[in-house]
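Scroll down for the structure; my scribbles are underneath it.
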Amino acid sequence: MKLMNAAVCFILVPALTPALDPLSTSLAMGGAAVAWQLLSPHSWLKCSLLECCNMKDTLNLSALKKDLDRRVFGQHLATDIVLRALSVNMNFERPRKALVMSFHGWTGTGKTFVSNIIAENLYQHNTLRQKFLHHFSAVLHFPHLSHVHLYKEQLQNWIQGNVSACPRSLFIFSEMDQMPHGLIDSIMPFLGYHKEIDGVYYGKAIFIFLNNAGGDKVTEIALDYWRRLKRREDISAKKLQSLLSEEIFRNRDSGFFHSQLIQKNLIDYFIPFLPLEYKHVRECVRQELRVQGHPEDEDLITEIALSMTDYPSEERLFSSKGCKTVASRVCLSI
């Protein structure tokens, strides 16, 4: 209300003070222009200074690709699918449905990291606009099985209210393997092919689910390729997506167990995150040394990477924790 009153004052100043000198008049007119910008619902100035949602999409796909190439290691399948999915969605002025992606893989393979990179690029590091990023932790936000009915109502109201405020909202659900069965189905209407629901359009919203469920299946296939002397780059993304869909639908440890989201084909992409090999962990260690401001000690990089490559026990091909503990190991080693 204070902002509105100030804006009105700026607009009225020129009319109330006709005898002002040219400089004062120019300043008053400038104030009126600023006030007009602040009162406009989607003005560039208001969206720069205040918490608002500019309807213009801001995701630069080229910049996102560079970010993923530079910061994510060993996940060519995941990054390729993510870029393709976002490109298709952004190409439509009014997409037919919300974009829904489900990330699957062992802990430490980059699921959370990639979702954060998407968020950073979508909102251009603007802390004000990051209010349109919504992160739900199954363990933190939905801890009690006896409260599922209440959670369903709260989740529906939260999504509806926030998409009303900003159509290009991003919703990230982590620890989906801990999600109470049936809870995620409560958001099914928002993910379907509807023009609007109660006057709210959901086609620009993006939903990302993070799952450890399905990670063993992804690792099994990657290990089979290695044992057959085939390159991990030749693993079929299409085949893995189909296997993941079936796996998590039948898996009681998955938040998608017998989920209608899968039955009704509302998840657009099941995205595999492959287990990380020794060479990928090396790059994680190297990057962490840079982040912490240390020189790139090759002996230290080798030592840490070797200690983290532990699966299977015979071959020691993959890191069972991915790059999850790299930062702490670097701290202890310096």
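Heads up, the Cβ atoms here are built off N, Cα and C, so glycines get one too.
Taken from TrEMBL as is:
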BINDING   G105, W106, T107, G108, T109, G110, K111, T112  ATP binding site
DOMAIN    276-330  domain 'Torsin-1A C-terminal'
SIGNAL    1-19  signal peptide
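Once Cβ contacts within 10 Å are tallied over all protein chains shown, the binding-site residues T107, T109, T112 are led by T109. Break the domain 'Torsin-1A C-terminal' (276-330) down by DSSP state and the numbers are 30 helix, 3 strand, 22 coil. Cβ-based neighbour count (10 Å, all protein chains) for G110 (ATP binding site) stands at 28. Within 8 Å of the centroid of the Cβ atoms of G105, W106, T107, G108, T109, G110, K111, T112, where the record puts ATP, the same chain has further Cβ atoms from F103, F113, N212, G215, F273, G322, K324. Within 10 Å of the C-beta of G105 (ATP binding site) we count 30 further C-beta atoms, all protein chains included. A mean pLDDT of 96 is what the model gives for the domain 'Torsin-1A C-terminal' (276-330).
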